[in-house]
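Per TrEMBL, these features apply:
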| type | residues | note |
| --- | --- | --- |
| TRANSMEM | A:32-55 | transmembrane segment |
| TRANSMEM | A:67-88 | transmembrane segment |
| BINDING | A:Gly75, A:Thr78 | Na(+) binding site |
| TRANSMEM | A:100-121 | transmembrane segment |
Amino acid sequence: MSALVVAAVLVAGAVGAVIRYLLSKAYPVRPGHLPGGILVVNLVGSGLAGAIIGLAERAAVSDDVRLVLVTGFCGGLTTFSTWCVETIELADGGRWRAAILNVLVTLALGIGAAVGLYLLVRG
Amino acid sequence: MPPSLAVFVGGLAGTGLRLALDTALPHADGGFPWSTFIANLVGTFVLGWLAGGLWTRPSTPAWMKAGMGSGLVGSFTTLSAVMGAVAILDREEATALAAVYLGASLVAGLALAAAGLKLGSALAHRPMPTEVTDDGATL
C-alpha cells in the first residue's frame, strides 16, 4: 500500500463523511419518520460497496481503486454507530415502532442492495 | 471552525484508524471480519457515551459535535463493510457465518449504544436523551 493510496483512502473517507453529515442535516429526524439521511447513505454506500467488490472480482477495477472506494468512500459515507445510537434513542423515547423499523429496513435493504448489486455486477 | 470542515478532519482520522485496524487484523474472504466488528462496537459505545454526556452540555460547540460524532466516530464505524462482507461470505458459502456476524454486530451494537448512553448521562448527571436531535450536529 503506497503512501498515495493511503492518502486517497483517507480523503475519500473524509469526503464520504461530509456528504453523510450534509444529508443528515438536510433530512433530520422528524416524528413519524425514520432517520432518513442516515438510512439513505447507509443503503447507497452498501449497494455501492457490493457493486465495486463485484467489479474488482472481474478485474474491472484494481485493488487500489477498490480500497479507495470501498474502505475509503463507502466506509466514510456509511456509519454503524449512528444507526445503533439513534435506534436506542428512538426506543428510549417510546417510539418502539420507529426503532424496530429502523433496524429491519436498514438490514433488509442494506443486505439486498449489497448482495444484489454484487451478484448483478459480478455476473 | 465550520462544522463541515470539522467533519472532514474527523473523517480523515476516523478512516485512517479504521484502515490501520483493517491492516493490523486482516481476514480471509471466508473468515470473520474482526477489524470491522471491533471498530463498529468500540465506535458505537463511544458515540453513545458522547451523545449521553458531552453532547447534552449546552456549552459544547457545534463544530466539536460534528467533528467528533459525524466525522471521527461516524467514519470509523461502517455499515458498507458489514454488508460487503456478507456478500463475500455468501459467495464463500459461509452463509451461517454471515448470519452470526450480522446478528452479533446488531445485538452487541444496540447493547453497547444503550450502555454508552446510560454511562454518558450518568456521568454527566443528566437524564438519558430520548429526543433524537439528528440535525447532523448531534450524531
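Each residue, glycine too, has its Cβ placed from N, Cα and C.
Whatever TrEMBL says is automated annotation, not expert-curated.
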(message) According to DSSP, does A:Thr78 (Na(+) binding site) sit in a helix, a strand, or coil?
(response) coil
(request) Go through the chain and flag residues at least 6 beyond the ends of the transmembrane segment (A:32-55) whose CB is under 8 A from any CB in it; none is fine as an answer. (result) 16, 19-20, 23-26, 61, 65-66, 69-70, 73-75, 77-79, 82-83, 86, 98, 101-102, 105-106, 109-111, 113-123
(request) Would you count the other C-beta atoms found within 10 angstroms of the C-beta of A:Thr78 (Na(+) binding site) for me? (result) 32
(request) Quick one: give me the count of other CB atoms within 10 A of the CB of A:Gly75 (Na(+) binding site). (result) 34
